[in-house]
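Have a look at the structure below before the remarks.
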Amino acid sequence: MRTHYCGDLRTTHLGETVTLYGWVDRRRDHGGVIFLDLRDRQGIVQIASSPDQTPASYPVAEGLRNEYVVQVTGVVSKRPPESLNEKIPTGEIEIYADSIILLNGVNQQLPFVVSSHEAEQVREDVRLKYRYLDLRRARLSQNLQLRHQVVKAMRRFLEDQENFLEIETPILTRSTPEGARDYLVPSRVNPGEWYALPQSPQLFKQLLMVAGMDRYYQIARCFRDEDLRADRQPEFTQLDMEMSFMGQEEILDLNEALICHIFKVVKNIDLPRPFPRLTYQESMAKYGNDRPDTRFGLELVDVSDLLGNTGFKVFSAAVSSGGSIKAIRVPGGNETISNVRIKPGGDLFKEATEAGAKGIAYIRVRDNGEIDTIGAIKENLDEAQVKTLLQLTQAEAGDLLLFGAGDTATVDKSLSRLRLVLGEQLGLIDPDAINLLWITDFPMFEWNSDEKRFEALHHPFTAPHPDDLGDLKTARAQAYDLVMNGVEIGGGSLRIYQREVQEKVFATIGLSPEEAHEKFGFLLDAFEYGTPPHGGIAYGLDRLVMLLAKEDSIRDVIAFPKTQQASCLLTEAPAAVDKKQLKELSVASTYVPKVKVDD
């Protein structure tokens, strides 16, 4: 029986006889003494075997190779001074193996080197195809253990300190297409009818509040059939919470305590409280988006009033058509950013135009306080306007001002993108900083120009601000998102709990009373039976762990992720199914495979 994990052994175990299990990470033959690095999920420890000291294990050690699975029994010994290894936690000790038992070998050539001693860069598609080998590597193994620690900390806080109940909600539910596409599951028992996999437990957790389960949480699996990005998966995990009889301030306070608990337990980091807050409007005005990275400056400054009446047509046309002009001050930008990068063909120009802008205007501030720019701008700015512009942007000699002009949404999107790119390129972002903040007071709705109707910005169960009930189309939502270093890690809201308000919201997004009853009648009916005030939040577990692990993709904190084409390279899912299975489900496929034509 195993007595210890490899990575847990220290000098405090000297003289103990231990039994370890693991994989051979590396084998070295040093003139009659064979050294093995034995690896398990906790780390690596050195095993030694020689014909003189450990004659029983030596013949087995001679035949071992990388990734063989073995059992080792031996005595923990102190390493000689010349072989100490400060790079690993077990570097002061080694195990002289009285016994080595080969449990399994490797019968195929390894697709890549698993050993932590090799720095081989492996293509992600190969890693995903052989994910069971990839997960043996220290980085991925540590990420999954970190994920476990985060979930454990969540559970302990919510259950032991805050009296929450963990309650499971259905995976097979009904389709309520609002937002992302559902994954559909045909019913064999009810031909022609379909289940949907849940995009979130939203409706069920609200019904649990109606049922009196006043503090609910769940580590929930969610499914969305949407176009994928680096931080999206078709199936993902969230910490889902709902609370009755709590206002927004109480919910935010509890969640700040939860996040602080997670960081303290998992990373031994004390986060300052309370977390800063910005309204949605403030965030858009200063950063151009609703998930700002506040670890650095380069904030947007609105200069529409100052520059909208100049003779420079790009600026005046933007303001006269209802748009805006905004600027970013880049300290020392005269030295760090050339004109070539700003003009057509440059990398910054490309970033801006990919975000929808037609180009970038710029002004360079010289040592004498004068400006240097393209003639059309300079010719249309008088001395007083230049002075006011420098005051508004706090620009100094040597600084560069970058401008966006046009419809406000495009200006915000393009300058927000430039801001992030410049923050990275200029080294303004502290990779170890942790900046958390709440974004509040979102709009209830946004206009879908394609479908010519309003859509809920979050979801249609979010409660409108009580001061804005007169005209819901312009109402603020009692919604809140938690943002960490420019990534939204959680979002929630107070919920509607009165039938008449919920019906009014459904009508605003274009649902007729009949459609609302057909899709959500069970919820509306529940509101007739004494529904308490309630609210909640959901955290993207994958994103949170990604940030804690300092990874760039959530695929590196998920055991078996899908690709950006929503496929599993390991199991080759999705895959075709037998026609007999489809017939049992009363389903027929209309897909016609494309015929490959040889050149």
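For all residues, glycine too, the Cβ spot is worked out from N, Cα and C.
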Item to complete: Kindly point out which candidate in Gln218, Gln233 is recorded by Swiss-Prot as part of the ATP site with Arg224, Asp225, Glu226, Glu488, Gly540, Leu541, Asp542, Arg543.
Response: Gln233
Worksheet entry | Stated Swiss-Prot location of region 'Aspartate', expressed as one of 42-45, 98-101, 202-205 | 202-205
Worksheet item: Among His30, Arg495, all listed as recorded positions, which has the most CB atoms within 10 Å of its CB?
Response: Arg495
Worksheet item: Using the residues the record lists for ATP (Arg224, Asp225, Glu226, Gln233, Glu488, Gly540, Leu541, Asp542, Arg543), what whole-number Å value is the largest Cα to Cα distance?
Response: 20
Worksheet item: If you measure from the Cα of Glu226 (ATP binding site), which of the recorded positions His30, His458, Arg495 is the nearest?
Response: His458
Discussion item. Here's one to test understanding: among the recorded positions His30, Arg224, His458, Arg495, whose C-alpha is closest in space to the C-alpha of Leu541 (ATP binding site)?
Written reply: Arg224
Worksheet entry | Alpha-carbon distance [Arg495 (L-aspartate binding site); Glu488 (ATP binding site)] in Å | 20
Worksheet item: Near His458 (L-aspartate binding site), which residues of its chain come within a Cβ-Cβ distance under 8 Å, counting only those 6 or more away in sequence?
Response: Phe442, Ala477, Ala479, Gly491, Ser493
